[in-house]
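Trainee: One structure, as structure tokens, below. Some questions next.
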Amino acid sequence: MIKFFQSWLDKKKSPSTVQETSDIIPKHVAIIMDGNGRWARKLGLPRVVGHRNGMMAIKRVTIAADEMGISILTLYAFSTENWKRPKDEVDYLMSLPQEFLALELEELIQKNVQVRMMGHTEGVPSSTLEALREAIVKTKNNTGLILNFAFNYGGRHEIVESVKKVAALVQSGEMSIDDITEDTIQSHLISNDLPDPDLLIRTGKELRLSNFMLWQTAYSELWFTDIYWPAFKEEHLREAVASYGQRTRRYGGLS
Ligand code: FPP
């Protein structure tokens, strides 16, 4: 069975530290950071340079999100499908959390940011997992922005794993089929202690979800931009949040 990072870490769930924010500012923003390769190609640079600049964008967007009063920022940093890329590129992407945290962990600690990861551990180099584990442990009591990396993450797989856990409960007689609700499935997802994203941003022109948080985005507001991720700045985040502030969320009801 695929092992999730949370169980690998064997970390007890800490009580929710999510801060209350106003209605206009989304509490949870999730971002599909796309366009690193095209950004690099436009400048005649190797794709990995796009990924490195994408990593730098993470820092400025994290700071901006924190200053704007966003409580949770989930970033799609590596999907379970990204293993299909050339080995050199995969190796480089696998090294980025370590590099990012070597550069930024101290500042994240100072800024009271809590680092998390959701995804599988299988295939991820131990040095990468150790860097993430260190960041998670060192920041677990921080009460500010939650910076949640979706790393080696796949939305369908997350749902399948949840369903398997529920099926095991039914099989062992601890639960009856009639008792299964949406909450049952939700409570067995790896992100089960975080609220659903209010706002989902995708950079880099494409208009799709790419297997990202399929369960949790059922009622997320969507915002797409042509800007490639390495060029994404605070002003773009503010634009997305301003658009969110104009929306009426009806969750299938009437306003
Ligand atoms: C998609 O762009 C981006 C990724 C597959 C990787 C995203 C990773 C980062 C932004 C940095 C991660 C850093 C840390 C600290 C985890 P693409 O390569 O598919 O771009 P393209 O569609 O233009 O080719």
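Think of each number as a place in line: the chain as shown, counted from 1.
Backbone N, Cα and C define each Cβ position, glycine as well.
Annotation source TrEMBL lists active site at Asp34. Per TrEMBL, active site, proton acceptor is recorded for Asn82. Residues or ranges marked as Mg(2+) binding site in TrEMBL: Asp34, Glu221. The substrate binding site annotation in TrEMBL covers 35-39, Arg47, His51, 79-81, Trp83, Arg85, Arg202, 208-210.
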Trainee: Which ones in the same chain are close to Gly35 (substrate binding site), with CB under 8 Å and 6+ residues apart in sequence?
Mentor: Gly50, Thr203, Gly204, Lys205, Ile227, Tyr228, Trp229, Pro230, Ala231
Trainee: Check Trp83 (substrate binding site) against DSSP and tell me helix, strand or coil, would you?
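Mentor: SS state of Trp83 (substrate binding site) = helix.
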Trainee: Tell me which binding-site residues (Gly37, Trp83, Glu221) have a Cβ under 6 A from ligand 1; sequence order is fine.
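Mentor: From Gly37, Trp83, Glu221, counting a Cβ under 6 Å from ligand 1 as near, the near ones are Gly37.
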Trainee: How many neighbouring Cβ atoms, not counting its own, are there within 10 Å of the Cβ of Trp83 (substrate binding site)?
Mentor: 13
Trainee: What is the interatomic distance between the Cα atoms of Glu221 (Mg(2+) binding site) and Leu209 (substrate binding site), given in whole Å?
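Mentor: Leu209 (substrate binding site) has its Cα 12 Å from the Cα of Glu221 (Mg(2+) binding site).
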Trainee: Looking only at C-alpha atoms, tell me how far Leu209 (substrate binding site) is from Asp34 (active site), rounded to the nearest Å.
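Mentor: Leu209 (substrate binding site) and Asp34 (active site) have their Cα atoms 11 Å apart.
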Trainee: Do any residues at least six apart in sequence from Thr80 (substrate binding site), in the same chain, have a Cβ closer than 8 Å to its Cβ, and if so which, in order?
Mentor: Gly119, His120, Asn152, Tyr153, Gly154, His157, Asn211
Trainee: Any idea which of the binding-site residues His51, Leu209 has the thinnest Cβ neighbourhood at 10 Å?
Mentor: Leu209
Trainee: Tell me which of the recorded positions Asp34, Glu221 sits in the most Cβ-dense spot, judged by other Cβ atoms within 10 Å.
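Mentor: Answer returned by the neighbour count: Asp34.
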Trainee: Could you state the whole-number distance in Å separating the C-alpha atoms of Trp83 (substrate binding site) and the residue listed as 'active site'?
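Mentor: So the Cα of the residue listed as 'active site' lies 16 Å away from that of Trp83 (substrate binding site).
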Trainee: C-alpha of Arg202 (substrate binding site) to C-alpha of the residue listed as 'active site': distance in Å?
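Mentor: Between the alpha carbons of Arg202 (substrate binding site) and the residue listed as 'active site' there are 7 Å.
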